[in-house]
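Participant: Take a look at what Swiss-Prot says about it:
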BINDING   GLU117, ASP118, ILE119, VAL120, THR121, THR122, GLY123, LEU124, SER125  5-phospho-alpha-D-ribose 1-diphosphate binding site
BINDING   THR121, ARG149  orotate binding site
Amino acid sequence: MTPEEVLEEFRSAGALLQGHFILSSGLRSPTFLQKMTIFSDPARTERLCRALAEVITARFGRIDIVVSPAIGGIIPGYETARHLGAKAIFVERDPGGPFTLRRGFSIPAGTRAVIVEDIVTTGLSARECLASLKDEAGEVVGAACLIDRSGGRGAIGLPLLSLVTLDIPTYAPDALPAELAAIPPVKPGSRALPKP
């Protein structure tokens, strides 16, 4: 699947949005990738994750376990693992705490794991996921995502593969360009949503 075909999947699903968005990192952006619109379509998700599995296999070879950060990474992690013939597990947060492996999940000695994310903006979730795996016996060989919107700057401490790398600008809330500041912001993501 070419980068343009990946972007067309997002465009045709109405998942490539323009406006003024508050990202889960707190940064602001004129572009938002609404991945849950993608993941609500099993056929579209299957196509994208099959392509991601092919990229992972070409770079890393055998993968035994796919680890994803909850919640956003669970669907692409599971579907990518299915195409890799691997086990799918996830890390999750205790409220206000770091990611941890729970539910009896582990990465045993001799296994090769890859972290699978949905969209990488700063790399924070992938870095936190990797940190939560430091005491596991198996080897975490790299990470992969559908779209790296950091322009390749989302360093996580491992090789990061993506189907598409975009350089989508992000801004601190106090450093917005005038044209973005003129648009009322919306927070379409899920991290730290205000309580109703």
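FYI, residue positions are counted from 1 along the chain as it appears here.
Yeah, the Cβs are placed from backbone N, Cα and C, and that goes for glycine too.
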Participant: Could you state the whole-number distance in Å separating the C-alpha atoms of SER125 (5-phospho-alpha-D-ribose 1-diphosphate binding site) and ARG149 (orotate binding site)?
Facilitator: 14
Participant: What count of other C-beta atoms do you get within 10 angstroms of the C-beta of ILE119 (5-phospho-alpha-D-ribose 1-diphosphate binding site), across all chains shown?
Facilitator: 28
Participant: Out of THR121, SER125, which has the highest number of nearby Cβ atoms, where nearby means within 10 Å of its Cβ, if these are the binding-site residues?
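Facilitator: Highest number of other Cβ atoms within 10 Å: SER125.
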Participant: If one looks at the chain holding GLY123 (5-phospho-alpha-D-ribose 1-diphosphate binding site), which residues at least 6 apart in sequence have a CB under 8 angstroms from its CB?
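Facilitator: Looking at Cβ-Cβ distances below 8 Å from GLY123 (5-phospho-alpha-D-ribose 1-diphosphate binding site), excluding near sequence neighbours, one finds SER150, GLY154, ALA155, ILE156, LEU160.
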Participant: Around ARG149 (orotate binding site), which of the listed binding-site residues (GLU117, ILE119, THR121) come within 10 Å, judging by Cα atoms?
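Facilitator: Correct set: ILE119, THR121.
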Participant: Given the 5-phospho-alpha-D-ribose 1-diphosphate site residues GLU117, ASP118, ILE119, VAL120, THR121, THR122, GLY123, LEU124, SER125, which other residues of that chain have a Cβ within 8 Å of the mean position of their Cβ atoms, reported in sequence order?
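Facilitator: Result: ALA126, CYS145, SER150, GLY154.
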Participant: Which one of the binding-site residues (GLU117, ARG149) has its C-beta surrounded by the most other C-beta atoms within 10 angstroms?
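Facilitator: Top count of Cβ atoms within 10 Å goes to GLU117.
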